[in-house]
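Asks: This is the structure, below, for whatever I ask next.
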Amino acid sequence: MLEGKTFFFIGAGNICESMVKGLLSAGMVRPGEIRVSNRSNGERLNFLRNYYGIVPVTDKKTAAGESDVIILAIKPQDIFPALEELAGSIKENQLVISVLAGIPTSLIEDGLGVEVAVVRAMPNTSCAVLESATGLSAGRYTGPEQLRLAEEVFRMVGEVVIVEESLLDAVTGLSGSGPAYIYYLVEAMEKAGESAGIPRELARPLVLKTLMGAAKMLLETGEKPEVLRRQVASPNGTTMAGINELNKGNFQTTIRKAILRATHRSQELGRIIVEKQYAHQ
Ligand SMILES: NC(=O)C1=CN([C@@H]2O[C@H](COP(=O)(O)OP(=O)(O)OC[C@H]3O[C@@H](n4cnc5c(N)ncnc54)[C@H](O)[C@@H]3O)[C@@H](O)[C@H]2O)C=CC1
Ligand SMILES: O=C(O)[C@@H]1CCC=N1
């Protein structure tokens, strides 16, 4: 289904680069089949062209009209000018994928002014290493074939779950933002290792292998995390002493609050932009 398809990214930032890197390393898409535009920074497009061989685009209308899959990868706050630039050039037989946090498919459909398939996606930057966890949901004009095409795109760069659109803000808070929580944990563990006397150059590989090993244990044993945790934590041993400290800092509550706050922020971003849309009409 993906064979020979052409892609057009609007917005050449972090998530665009992660996806481009992943799509190319998965080997199903060729650099010449990926077009990328950015707002003003020619240097960024030059870098992406030199590094990945993608096709930089300045004439967005033409590129949008000629591409099979158009991927909106701009900040939610930048959606209106982008939709205005694209309106009139996108047709019913194309597929528009939006990775924007919070922005409902209906806003994009209305802004494009055509009954085109819009799929809202929430990947994460691990697309770059083919390990994204991506949530997808279909817009009002998206048929099963088009949803399957979107699914194939994201399956190339990781795992996909298809959810109701109402759940996508929560997916954003959990797995869209998720890599940053893990990086933050790694930062904290490295610093703690240093406080305990382990030089950073040793702390990093120890932490990373611990992280990889734990993820692999979860995946390969199929055990619940609490079962694996108990296997590590001997009664009155070192792990319990550590976990008691985490509990004193309300570890689980803090993580829950972080994910819920990120979810609410996604909802809030969507609400603000939808209100702006109504104010414009
Ligand atoms: N960074 C991440 O981990 C993830 C981000 N997202 C979503 O992806 C979107 C982009 O995020 P990032 O890549 O992190 O942002 P970014 O700020 O790195 O990149 C956005 C790019 O879009 C460009 N841009 C703005 N308006 C444009 C226009 N009209 N035409 C062409 N280019 C335009 C900007 O110049 C900028 O380079 C956001 O909506 C975010 O919610 C989704 C999943 C993960
Ligand atoms: O922080 C953000 O708003 C975006 C959405 C998910 C990850 N990054």
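Keep in mind that glycine also has a Cβ here, set from the backbone N, Cα and C atoms.
Not measured: the values here are computed from a predicted model.
Dumping what TrEMBL says about this protein:
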BINDING   Ala73, Ile74, Lys75, Pro76  NADP(+) binding site
DOMAIN    9-102  domain 'Pyrroline-5-carboxylate reductase catalytic N-terminal'
DOMAIN    165-269  domain 'Pyrroline-5-carboxylate reductase dimerisation'
Asks: DSSP on Ile74 (NADP(+) binding site), three-state: which is it?
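Replies: Its secondary structure by DSSP: coil.
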Asks: Other than Ala73, Ile74, Lys75, Pro76 themselves, what residues in this chain have Cβ atoms within 8 Å of the centroid of the NADP(+) site's Cβ atoms?
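Replies: Apart from Ala73, Ile74, Lys75, Pro76, the close residues are Gly11, Gly13, Leu72, Gln77, Asp78, Ile79, Ala82, Val99, Leu100.
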Asks: May I have the DSSP-based helix, strand and coil counts for the residues of the domain 'Pyrroline-5-carboxylate reductase dimerisation' (165-269)?
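Replies: Reading the DSSP string over the domain 'Pyrroline-5-carboxylate reductase dimerisation' (165-269) gives 90 helix, 0 strand, 15 coil.
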Asks: Around Pro76 (NADP(+) binding site), which residues of its chain at least 6 apart sit with Cβ under 8 Å of its Cβ?
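Replies: Looking at Cβ-Cβ distances below 8 Å from Pro76 (NADP(+) binding site), excluding near sequence neighbours, one finds Leu100, Ala101, Gly102, Ile103, Leu269, Gly270, Ile273.
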Asks: Using DSSP, break the domain 'Pyrroline-5-carboxylate reductase catalytic N-terminal' (9-102) down into helix, strand and coil residues and give each count.
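Replies: Secondary-structure composition of the domain 'Pyrroline-5-carboxylate reductase catalytic N-terminal' (9-102): 45 helix, 16 strand, 33 coil.
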